Amino acid sequence: MKEKVILAYSGGLDTTAIIPWLKETYNYDVVCVCADCGQEEELDGLEQRALSCGAAKLYIEDITDEFCDNYIVPCVQAHAVYENKYLLGTSMARPLIAKRLVEIARKEGAVAICHGATGKGNDQIRFELTIKALAPDIKIIAPWRDSNWKLQSREDEIEYCRQHGIHLPFSTDCSYSRDRNIWHISHEGLELEDPANEPNYKHLLVLGCTPEEAPDEPEYVTMTFEKGVPKSVNGKAMKVSDIIRELNRLGAKHGIGIIDIVENRVVGMKSRGVYETPGGTILYEAHQQLEELVLDRDTTTFKMDVGNKFAQVVYEGKWETPLREALQAFVEKTQEYVTGEVKFRLYKGNIIKAGTTSPYSLYNESIASFKTGDMYDHHDADGFINLFGLSLKVRAMKKLENEKKNNK
């Protein structure tokens, strides 16, 4: 009986060509695994395609809810944003996909796991760090770094498939390189490879429209959260995945969540991409609006640093690490009172606050009001400012003393 390899399979050109290559190069039985993270129509016809290319079996694993509940929600709660823009759509998904690859490898008794990530990108790191953390005994095959892989271009892969009698049921024309799941869709390549070029949004966008093309009338949306977890949209209770789908629909309609970023990859190079994250952008903003109301200042400022570190850890593929677990434990503690309702309106790419309420609100109108109130005496500020500015006063006094000495 042949040994088995588990292939992370998308059905695209790369992983289609990898199936016969694995059989020829390693004499393995190829078990394909497609992880459904909410990419929907991209899964149509996948099983037939994999088997016709020589795969022994195909698993289509629906991990959408696990992705939303256990990966997206912690990142939203941490307000993890990489380099102030990227909402980690691909970064969050890869560790979960790798985890499922390991689980199926154990089930099938496979000796190796293969992925089609290139040697220039971040995904190779995200896949392999997770596999190493969960299954250090399993061999990892990365064709684009394998000396036996002779296919150096898209044209080479197309010709290789033709020679092996593989029909490619999709366009082989040069197009954007895309990654899609329930959270986002990313676009790279073509005119985006030159940062001097403006994106061709009419050709590029898949989920939504530009702000200029959005409706001329705003749309009001209300969300509720319980302990930092989204629970409803416009009065309708839903599980997290359905909330994201509904926010995607609303956000895409109003031109929300389109970013053009030049980011620093883990491997050292810069890359340029356009991301569509309509629902995610709304969810991050709504959650942050509620936190503004219920978190104290010290927690808020420290949490900003934690969020930046959380984003870096996730971006670098370090999900299965003690540091990510520790950061998440802190974040979860901060979410105890992040419960309430957030109202906002969507208008031409903008999310405009329209009111926030919480039973745990730390906003006290009788203190904050410009009107005179019993709970705050303006004279109390005298002593506070004297103490708060004491170090500045001492420094200034010393400076004057030294200047007088020098002028004598």
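Counting starts with 1 at the first residue shown.
The backbone N, Cα and C atoms fix where each Cβ goes, and this holds for glycine too.
Under the heading ATP binding site, Swiss-Prot lists Ala8, Tyr9, Ser10, Gly11, Gly12, Leu13, Asp14, Thr15, Thr16, Ala35, Gly116. Positions annotated as L-citrulline binding site by Swiss-Prot, on the basis of sequence analysis: Tyr86, Ser91, Asn122, Arg126, Ser177, Ser186, Glu263, Tyr275. The L-aspartate binding site annotation in Swiss-Prot covers Thr118, Asn122, Asp123, and the record cites sequence analysis as its basis.
Sequence features annotated in Swiss-Prot and their locations in the structure.
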residue	record	Cβ contacts under 8 Å, 6 or more apart
Ala8	ATP binding site	Thr15, Val33, Ala35, Ile97, Ala98, Leu101, Ile113, Cys114, His115, Gly116, Phe127
Gly12	ATP binding site	Gly116, Phe170
Asp14	ATP binding site	Gly116, Glu157
Thr16	ATP binding site	Arg49, Cys53, Glu157, Cys161, Ile166, Leu168
Asn122	L-citrulline binding site	Thr90, Ser91, Arg265, Val266, Val267, Tyr315, Glu316, Gly317
Asp123	L-aspartate binding site	Thr90, Arg94, His115, Ala117
Arg126	L-citrulline binding site	Ser91, Arg94, Pro95, Ala98, Glu316, Gly317, Trp319
Ser177	L-citrulline binding site	His187, Glu188, Gly189
Glu263	L-citrulline binding site	Tyr82, Glu83, Lys85, Tyr86, Lys270, Ser271, Arg272, Gly273
Problem set entry | Rounded Cα separation (Å) that holds between Tyr275 (L-citrulline binding site) and Thr118 (L-aspartate binding site) | 20
Exercise. Which of these binding-site residues has the least crowded Cβ, counting other Cβ atoms within 10 Å: Ser91, Ser186?
Worked result: Ser186
For this session: Count the Cβ atoms, other than its own, that fall within 10 Å of the Cβ of Thr118 (L-aspartate binding site), considering every protein chain shown.
Result: 14
Exercise. Max Cα distance spanning Tyr86, Ser91, Asn122, Arg126, Ser177, Ser186, Glu263, Tyr275 (L-citrulline binders), Å?
Worked result: 19
For this session: Return the residue, from the listed binding-site residues Tyr86, Tyr275, with the maximum count of other C-beta atoms within 10 angstroms of its C-beta.
Result: Tyr275
Seminar exercise, completed: Taking the centre of the Cβ atoms of Thr118, Asn122, Asp123 as the L-aspartate site, the remaining residues of that chain with Cβ inside 8 Å are Ala117, Lys120, Gly121, Gln124, Ile125, Arg126
For this session: Work out how many Å separate Ser10 (ATP binding site) and Thr118 (L-aspartate binding site) at their Cα atoms, rounded off.
Result: 14
Exercise. At the Cα level, what's the spacing in Å between Thr118 (L-aspartate binding site) and Ser186 (L-citrulline binding site), rounded?
Worked result: 16
For this session: Could you say whether, by DSSP, Asp123 (L-aspartate binding site) belongs to a helix, a strand or a coil region?
Result: helix
Exercise. Counting every protein chain present, what is the number of Cβ atoms, excluding its own, within 10 Å of the Cβ of Ser10 (ATP binding site)?
Worked result: 20
Exercise. Which state, by DSSP, holds Glu263 (L-citrulline binding site): helix, strand or coil?
Worked result: strand
